[in-house]
Amino acid sequence: MLLLDPSKKISFNRCIRDGDLVIVYERHDTMKAVKVFENSVLQNRFGVFKHSDWIGKPFGSKVFSNKGGFVYLLAPTPELWTLVLSHRTQILYIADISFVIMYSEIVPGCLVLESGTGSGSLTASLARAVAPTGHVYTFDFHEQRAASAREDFERTGINTLVTVGVRDIQGEGFPDEFFGLADSVFLDLPQPWLAIPSAGKMLKQDGILCSFSPCIEQVQRSCETLRSNFTDIRTFEILLRTYEIREWKMDCSKVDDGGSVACPPCKRRQPSGEGSMRDNSSSPAVMARPSAEARGHTGYLTFARLKCIL
Ligand SMILES: C[S@@+](CC[C@H](N)C(=O)[O-])C[C@H]1O[C@@H](n2cnc3c(N)ncnc32)[C@H](O)[C@@H]1O
């Protein structure tokens, strides 16, 4: 079960049980979701881990293999789920997701329409944002993707907050039963301008539409369509810069005469003794530099508010 209610964060108030979903964390870029079963084992490069050793331990515990290797068992959250889910399509990542939820004003109790569902990365966070009384109706025209998303939502326990429908939203629009009921509509479709007129009909007065597109030409076309019924049309590109902060053994004897150093920007770690300002050229320093693995452009987020017709 993904953590949905922040006031009942299970990682703080209960231990791992048989049947729980846990995130097995090796390092920030190596994790996987595992369902705990009393008689199962997890085997990885660190050895064999018995699930029975995990049961009864608090979330966040460090657990050991038969060879003394270790992993951490984290409570599953939508943020972690986005990093471990199986990619059946391109997905939205945390930087875009958090902006979508904030800028679309999605709060508990909201009714949200989404298309396409894709791998359900955004959907998991939408579910938490609307919980416990709201609902997300998500549509994809690809039957197998919709079925796999449904299975994932059951596995993660968010199926009570999410309904998956199979429908060509660009061709048919959203179902009429949602007419005037949606607090917000989210589109991640190849030709969003085809779905915008229907999205406008589904929104409550003042409701917000958001459309994600990887190419600026798609954004331009969507904005043209939005102008007739929407106001406050704004487009953003969310660029996230991740940093590596490491200890670095510097050899600053290699400083050139002009004082420039062939080292990244860094702060020399000062010895703790009072007044000790002596520079030791080979002492460890803390190095900070933008991470090489940081993601660049993912896409553009266009937001628009339905015009009030009165
Ligand atoms: C990039 S994926 C969406 C990813 C999703 N936002 C996520 O975070 O996992 C786009 C999805 O739109 C679906 N799609 C494309 N055209 C569609 C249409 N006309 N109606 C409904 N779904 C459509 C595709 O099948 C695909 O699963």
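The backbone N, Cα and C atoms fix where each Cβ goes, glycine too.
Database features (TrEMBL):
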type: BINDING; residues: S119, G120, S121, L122, D140, D168, D188; note: S-adenosyl-L-methionine binding site
type: REGION; residues: 263-289; note: region 'Disordered'
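Structure coloured by features recorded in TrEMBL.
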residue : record                               : CB count, 10 Å
S119    : S-adenosyl-L-methionine binding site : 22
G120    : S-adenosyl-L-methionine binding site : 32
S121    : S-adenosyl-L-methionine binding site : 25
L122    : S-adenosyl-L-methionine binding site : 27
D140    : S-adenosyl-L-methionine binding site : 28
D168    : S-adenosyl-L-methionine binding site : 15
D188    : S-adenosyl-L-methionine binding site : 25
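The secondary structure of G120 (S-adenosyl-L-methionine binding site), as reduced to three states from DSSP, is coil rather than helix or strand.
Taken residue by residue with DSSP, D140 (S-adenosyl-L-methionine binding site) is part of a strand. Largest Cα-Cα distance over the residues recorded as binding S-adenosyl-L-methionine, namely S119, G120, S121, L122, D140, D168, D188, equals 20 Å.
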